[in-house]
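Notes follow the structure.
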Amino acid sequence: MAKLKLPVPPIPPQLKPLPKRPGKVYGPQTPLEHAGEAAATAVGWIDERTSLSGAARWMMFRKVPKGTNWFYTLGSATMFSFLSQAVTGIFLAMYYVPSSTRAYESIRYINNDVFLGEFVHGMHKWGSSMMVILIFLHMGRTFFFGAYKYPRELNWVIGVVLLILTMTMSFTGYLLPFDQRSYWASIVGVNINGTGPLVGPYLSDFLRAGPNFGATTLSRFYAIHMLLLPGAIAALMGFHLYLVAKLGTTAPPWQRATSSEELREEQVSS
Ligand code: HEM
């Protein structure tokens with residue numbers, strides 16, 4: 001069977017330079033225009049050496065099916081909530097101390113003494129719930145629009161793993177303030193994990209970093225929360241988006257395919 005390879009889409013007309021008109025002054029005039037020109041030159045320099053603009057155009061200038069609506073933005077919204085979590089998490093990590101004797105105090109310090117600390121902590125805390133809500137809404141959209149069917153099954157499976165990783169992010173992050181509530185809630189959570197068949201006890205030992213909930217458990221949760229899981233989520237998200245760009249998105253289920261007769265008429269008249 002011949003391999004069907006879609007060509008890289010052409011440069012859209014909006015991005016093409018307009019033809020020059022006589023009597024008009026061309027080139028950058030104001031400092032802002034000079035700055036824009038400098039940025040374009042830098043991008044051009046990189047592109048000449050990497051040819052990345054073709055890949056960027058392949059990713060961003062795609063045809064979308066008729067009937068695409070606001071529900072299709074839920075995946076991107078989930079991605080932006082993850083990015084917000086990553087950025088606010090980096091700032092929190094500058095002050096947070098993953099030690100059983102100092103963790104609570106470091107969070108208190110972030111909230112009371114660090115400039116905008118309470119705001120960034122609040123964004124991270126509420127943002128985590130936001131991401132969980134958005135990922136479920138996005139999953140609902142793909143389910144009800146039948147986007148899990150051939151040829152997108154693999155993207156659904158990757159999505160399921162992303163969902164599990166996101167829930168594990170929430171679980172491991174919950175312990176980090178190390179107050180009474182987070183401590184006891186995490187013990188309950190780890191014990192529930194331990195009741196799972198076969199792997200359950202191993203999983204809870206891994207999470208506790210040993211048979212008991214102790215000082216090393218907090219470092220274990222912290223490492224999983226801020227290194228292991230974000231890395232895995234970012235990598236899978238990249239693959240998820242690659243498949244979205246490669247396969248295209250599904251049309252809404254109520255969208256009827258145009259009959260070949262109508263298509264032919266459209267082609268003749270245009
Ligand atoms: C970190 C979490 C996730 C991110 C950032 C993400 C991102 C995206 C984006 C941007 C799209 C394309 C536009 C759209 O439909 O919104 C998409 C499509 C898709 N996602 Fe996700 N997603 C995530 C989790 C999930 C989950 C949990 C599932 C299901 C279990 C899933 C299944 C799918 C499927 C099947 C498509 C193809 C949709 C179609 O063809 O119409 N995704 N995802």
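Glycine residues also receive a Cβ, built from the backbone N, Cα and C atoms like all the rest.
If you look up TrEMBL, you'll see 1-22 marked as region 'Disordered'. The compositional bias 'Pro residues' annotation in TrEMBL covers 7-16. Residues or ranges marked as domain 'Cytochrome b/b6 N-terminal region profile' by TrEMBL: 42-253. The feature transmembrane segment is assigned by TrEMBL to 70-97, 130-148, 154-176, 223-245.
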Closest-packing stretch to the transmembrane segment (130-148), where packing means Cβ pairs under 8 Å, from 70-97, 154-176, 223-245: 70-97
Average pLDDT across the domain 'Cytochrome b/b6 N-terminal region profile' (42-253), rounded to a whole number: 97
Positions on the same chain near the transmembrane segment (154-176), where near means CB under 8 A and six or more residues out: 85, 96, 98, 103, 107, 128, 131-132, 135-136, 139, 142, 147-148, 182-183, 185-186, 189, 217-218, 221-222, 224-225, 229-230, 232-233, 236-237, 239-240, 243-244, 247
